[in-house]
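As recorded in Swiss-Prot, the features of this protein are as follows:
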ACT_SITE  His336  active site, proton acceptor
BINDING   8-11, Lys22, 81-82, Gly135, Glu149, Asn164, Asn221, Arg308, Lys325, Tyr339, Asn350  UDP-N-acetyl-alpha-D-glucosamine binding site
BINDING   Asp102, Asn221  Mg(2+) binding site
BINDING   Asn359, Tyr360, Ser378, Ala396, Arg413  acetyl-CoA binding site
REGION    1-223  region 'Pyrophosphorylase'
REGION    224-244  region 'Linker'
REGION    245-429  region 'N-acetyltransferase'
Amino acid sequence: MKTSILILAAGLGTRIKSQKPKVLQELCQKSMILHILKKAFALSDDVSVVLSHQKERVEKEILEYFPKTQILEQDLQNYPGTAGALSGFEPKNERVLILCGDMPLVEQTSLEALLGNNAKLNLAVFKARDPKSYGRVVIKNDSVEKIVEFKDANTQEKEINTCNAGVYVIDSRLLKELLPLIDNNNAAKEYYLTDIVKLAKEKDVMIKAVFVDEDEFMGINDKFELSIAENFMQKKIKKYWMQQGVIFHLPQSTFIGADVEFVGECEVYENVRIEGKSKIINSIIKSSSVIENSIVENSDVGPLAHLRPNCELKNTHIGNFVECKNAKLNTVKAGHLSYLGDCEIDSGTNIGCGTITCNYDGVKKHKTIIGKNVFVGSDTQFIAPVKIEDEVIIAAGSTVSINVEKGALFINRAGHKMIKDYYYKKFQK
């Protein structure tokens, strides 16, 4: 049975206390709406998102990554509430899966299990450790009797710990029949989607409660819950990669972005941060290193190294306090305390301590190209644009501002001066 998916993302999200819309808040470097859209498009090609607050901003991000998404706008003034979000929604398929845009931890397998039930109305519920302000679900004889919003619950109903996860699977024809019957006769004067349960019950529709994991189906309303969710997602990301063979030393101290990829045998030490679309292939990342949108293959990085965006390392050693940016290094050793930016360095080259590629002239960036088997002495500055041919020796302390031909020794130092007995003249009388 084909499914249309509707994601509710029109709320103001005032408790998140941010100028950025709630659904654009990031977990593991990806906004929560993108996390849920990835799961949605894995299940259906008919996916719609309901927006209102900062619609243009949210729509732009959604369509950048998921251009086939249908965008709907909720009229919050005339049709507030979760049921009001469905006005104007026309599903293309036999049933509808309704999701919340602030629920990024939901797994595709859990949604598949929810869709696997053939009841006309399925409701995701969970046993809450602390029910807080969740809507309470009253179940009788394995069928949902009603959902009571916390604002409208009486004292007895507030004692119930079975709560509404806010995820529904409903027959499209049933939805079309019941939606116009929902009213706003409640404390908040809103149109509640939860009322669809009461209306379905009045028509003797069997409503199936499907129990799900509370942590996985948590909604995010403030920055504290955002941090809890990100921590939960980090554990899942690292667990997945460890099951694929990656070794993490002290994994609770590392951060791995949602789009990071590991291939082969990799090892990650404590306090490492790997971001963006970085790809680590058969490599070791040592303590307290940061890698951003870079590819590391058959290499070791760190400790205390920083690979900024667009670095490509192959068969290379990057040591402590080395920073690279937009650098392609193939079979290179850069052991310590260097900046290698906007450069290409070829195989067999050794970069001495204190080497800097001076890539910025105050207006634009320039490139340094270093060939094969080059020995770069300590405290060398390359003034880009500059090209060093193969098999060159750069003497320590040199400032290189011209191209250097193959096989040459380059030395550029100020003249030496030594004043005999100067110490005694200065400090002894």
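Glycine is treated like the rest: Cβ placed from N, Cα and C.
Considering only the binding-site residues Asp102, Asn359, Ala396, Arg413, the residues lying within 10 A of Lys22 (UDP-N-acetyl-alpha-D-glucosamine binding site) on a C-alpha to C-alpha basis are Asp102. When the CA atoms are compared, the binding-site residues lying within 10 A of Leu8 (UDP-N-acetyl-alpha-D-glucosamine binding site) are Asp102, out of the candidates Asp102, Tyr360, Ser378, Ala396, Arg413. Mapped onto DSSP classes, the region 'Linker' (224-244) shows 20 helix, 0 strand, 1 coil. Take the CB of His336 (active site, proton acceptor) and look out to 10 A: across all protein chains shown you find 17 other CB atoms. Here the binding residues for acetyl-CoA are Asn359, Tyr360, Ser378, Ala396, Arg413. Their largest Cα to Cα distance works out to 22 Å. The highest number of surrounding Cβ atoms within 10 Å, among the binding-site residues Leu8, Ala10, Ala396, is found at Ala10.
The sparsest Cβ neighbourhood within 10 Å, among the listed binding-site residues (Asp102, Glu149), is found at Glu149. Within the model, the region 'Pyrophosphorylase' (1-223) shows a mean pLDDT value of 93, rounded to a whole number. The most crowded of the binding-site residues listed here (Lys22, Lys325, Arg413) is Lys22, judged by how many other CB atoms sit within 10 Å of its own CB. The binding-site residues close to Asn221 (UDP-N-acetyl-alpha-D-glucosamine binding site), defined as a CA atom within 10 A of its CA, are Asp102 out of Asp102, Asn359, Tyr360.
Taking the C-alpha positions, the distance from His336 (active site, proton acceptor) to Ser378 (acetyl-CoA binding site) comes to 10 Å. The local packing around Tyr360 (acetyl-CoA binding site), expressed as other Cβ atoms within 10 Å of its Cβ over all shown chains, amounts to 12. Considering only the binding-site residues Ala10, Thr82, Glu149, Lys325, Asn350, the residue whose Cα is spatially closest to the Cα of Tyr360 (acetyl-CoA binding site) is Lys325. Cα of Lys325 (UDP-N-acetyl-alpha-D-glucosamine binding site) to Cα of Ser378 (acetyl-CoA binding site): a span of 20 Å.
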